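Chemist: The annotation transmembrane segment is assigned in TrEMBL to 6-21, 33-52, 103-126, 146-165, 177-201, 378-396, 425-446, 466-489, 523-542. Marked as coiled coil by TrEMBL: 224-251. Look at TrEMBL and you will find 600-617, 635-644 tagged as compositional bias 'Basic and acidic residues'. The region 'Disordered' annotation in TrEMBL covers 600-669. Annotated compositional bias 'Polar residues' per TrEMBL: 618-634, in sequence order. If you look up TrEMBL, you'll see 658-669 marked as compositional bias 'Acidic residues'.
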Amino acid sequence: MSGAALGLEIVFVFFLALFLLHRYGDFKKQHRLVIVATLLAWYLCFLIVFILPLDVSTTIYNRCKLAVNSSPAESNGSYITLAPSKQKCFKPWSYIPNGIMPIFWRVVYWTSQFLTWILLPFMQSYARSGGFSITGKIKTALIENAIYYGTYLLIFGAFLIYVAVNPKFNLQWNQLQTIGIAAANTWGLFLLVLLLGYGLVEIPRSHWNGAKRGYLLMKTYFKAAKLMTEKADAEENLEDIMEEVRKVSESIKYNHPLRKCVDTILKKCPTEYQERMGRNMDDYEDFDERQSSYPSEKSLVKLHKQVIYSVQRHRRTQVQWQMLLEQAFYLEDVAKNETSATRQFVHTFQSQEPENKIIQYFYTPTVEWYWECLLRPWFYRVLAVVLAMFSVIVVWSECTFFSTNPVLSLFAVFIQLAEKTYNYIYIEMACFLTIFFLSTCVYSTVFRIRVFNYYYLASHHQTDAYSLLFSGMLFCRLTPPLCLNFLGLTHMDATISHRHGQPTAYTSIMGSMKVLSFIADGFYIYYPMLVVILCIATYFSLGTRCLNLLGFQQFMGDSEMTSDLIDEGKELIRREKRKRQRQEEGENRRREWKERYGNREDSTRNRVVHTEQKESSFSETNTNRPLSKYTRSNGRTERDRIELLQDAEPLDFNADSINDDPLESDSGR
């Protein structure tokens, strides 16, 4: 089993990252480089979280071996026996051989740092650029990142000059590397505490509120009112942009040098707008070089960028509106079925997507009623209580992990108790649950936050390339300080525990923070205590109240604006529900009409066709019989008739020759 656990987790984490990226990104429409870069960033960050418990168990075993080697011992198979105390050091099932983990952590860490500080910012500007060629997009990305890269180079250059001039410092390359790592981890820890303080409170509270049906329904109405406003704004913005595209398309003709750029813009427009512009365009009209009102290439680049943004936003709001309608209809069905006497879940609308037959077999209407109306609320309450207990333990440990005698951090107590008995399964499970909960609190906040319309992770394949790359940057910057914070909570970091033993392979890659003592002994220890203040602020919704005062509508139960938006959203949902009901009623009537009269019409149509076939066959047999006998004479008669018609002169029309009296016409004939 040596190294097998590492290989299994590497494969599992890859498919986990691929699944999440498929949920938020669009593999068909987005650029492959964006998908690959985001997948690599997410994969490396998730991999660090899953592999770190194996590093901890391997380090504990290596410490046991060092203790054995420093005293008389006997080797016996898969474990080592101490001679004086007869203590056994069992090899863990997930043991990773020496030399593998340092190389693994070095590759993973520096690859993630290269992504977050160099490649992903450049790709963000490249993906957001409106250039029409690869060279133009690269040029725009370099210009936009010149200030970004220049700031870091200026700070790093000033630091190097200060170190070179000052004779007190004699820094080597390893120390400069450690300083760079410390600077990156300090920035990440600053953001980590902010996100962690929000997630520690919001995740248990969201699960507790998930057990309240009325609460979820009211919040869905509130979201519907806000989303309808955003949807109308997106449609209006798209109309304005398409009007500008139409004017540009009409002014730049087919033989203009910039016509290729206009065609590229038209391909990014929705299909209905492309057809409308294609009908109104005259391709045979040449452009006039003397006319000076043609747009420039720079303005077309700007228009191209606006088209990409407006089309993406319009598509996202349309999909989100449909998903929100399905959620609102389902919550209303749950509220109706709670008082059902039959105890069978009845849906107002059938699902538009075909359901799996296995799920239909086991998840029957009765099972669905018991889960949705009885079991699910209690399950969410129990889960919320468990998560709240985890949050309290994390907050306590963040405030006391620097105390080594006595050990006050609960996570450190759990790990040390398991270390005495060398219960590696318990050690790995405790480490995994701890770091998984910490990463869930941080990463879920990254998925929830929204910076206006510039950064927003939307599910159902509606996240744009800029937001995907930005999330990869955040993950790569947050994961290393998150892991260091976890090792500090469990006292596996020698800087915190002050234990003279073998450190974990991860901390050996980070280097000794004693080079910057004010960061190692000050910021890393006391700054995480601010998580208490952030948890209190999140519990009382201070951030939500501040945003509400600034004009950003937030869901607050005691706000008059919230009540108005709930009423508006409820009316919108009711209107959409009536609309869908009318559509389904119309489809049902057409289906019933086809089932009732379709067979009769088909039989009548078949009878008529059969009769016509009989008549045609009978007439053909009657006409074909004399043809074989009189073919030559009929052919000569037909030729004579054609010659007479050719020699005949056309008659002029004379109104006086028309006689209305039928008797006169008969006598004349």
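Cβ atoms are placed via backbone N, Cα and C, with glycine included.
For each listed feature, how buried is it and what is near it?
Modeler: Nonlocal intrachain contacts for the transmembrane segment (6-21), taken as residues 6+ away from its ends with a CB within less than 8 angstroms of a stretch CB, comprise 35, 38-39, 42-43, 46-47, 50-51, 54, 94, 96, 100, 104, 468.
Using a Cβ-Cβ cut-off under 8 Å and counting only residues 6 or more beyond its ends in the same chain, the transmembrane segment (33-52) has close neighbours at 6, 9-10, 12-14, 16-18, 20-21, 25, 27, 104, 108, 111-112, 115-116, 119-120, 123, 127, 431-432, 435-436, 439, 465, 468-469, 471-473, 475-476, 478-480, 482-483, 486-487, 506.
For the transmembrane segment (177-201), the residues of the chain that approach it from at least six positions outside its boundaries are 113, 117, 159, 171, 391, 394-395, 438, 440-442, 444-446, 474, 477-482, 484-485, 510-513, 515-516, 519-520, 523-524, 527-528, 530-531, 533-535, 537-539, 543, judged by C-beta separation under 8 angstroms.
Looking only at the coiled coil (224-251), the predicted model's pLDDT averages out at 92.
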Chemist: Should anything in the same chain at least six residues away from the coiled coil (224-251) have a Cβ under 8 Å from its Cβ atoms, list it; otherwise answer none.
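Modeler: Counting only partners 6 or more residues beyond its ends, the coiled coil (224-251) has Cβ contacts under 8 Å with 262, 265-266, 269-270, 273, 276-277, 280-281, 293-295, 300, 303, 306-307, 310-311, 313-314, 316-318, 320-321, 324-325, 328, 553, 565-566, 568-569, 572-573.
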Chemist: For the transmembrane segment (425-446), what are the same-chain contacts with Cβ under 8 Å, counting residues 6+ beyond its ends?
Modeler: 49-50, 52-54, 56-57, 60, 92-94, 192, 195-196, 198-200, 202-203, 387, 390-391, 394, 411, 414-415, 418-419, 457, 471, 474-475, 478-479, 482-483, 485-486, 489-490
Chemist: Report, as numbers and ranges, every residue of the chain located at least six residues beyond the transmembrane segment (103-126) whose Cβ falls under 8 Å of a Cβ in that stretch; write 'none' if there are none.
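Modeler: Beyond its ends, the transmembrane segment (103-126) has Cβ neighbours at 6, 33-34, 37, 40-41, 44-45, 47-48, 51, 55, 137-138, 140-142, 144-145, 148, 152, 184, 466, 469-470, 472-473, 476-477, 479-480, 505-506, 509.
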Chemist: Please give the sequence-distant neighbours of the transmembrane segment (523-542): residues at least 6 beyond its ends with Cβ less than 8 Å from one of its Cβ atoms.
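Modeler: Apart from its flanks, the transmembrane segment (523-542) reaches 186, 189-190, 193-194, 196-198, 200-202, 205, 391, 394-395, 398-399, 401-402, 484-485, 488, 495-496, 513, 556.
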Chemist: Looking only at residues six or more beyond either end of the transmembrane segment (466-489), which have a C-beta under 8 A from one in the stretch?
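Modeler: For the transmembrane segment (466-489), the nonlocal Cβ contacts are 21, 24-25, 30, 34, 37-38, 40-42, 44-45, 48-49, 52, 56, 109, 112-113, 115-116, 120-121, 123-124, 127-128, 181, 184-189, 191-192, 195, 394, 397-398, 401, 409, 411-412, 431, 434-435, 438-439, 442-443, 446-447, 454-458, 495-496, 504, 506-507, 510, 524, 528.
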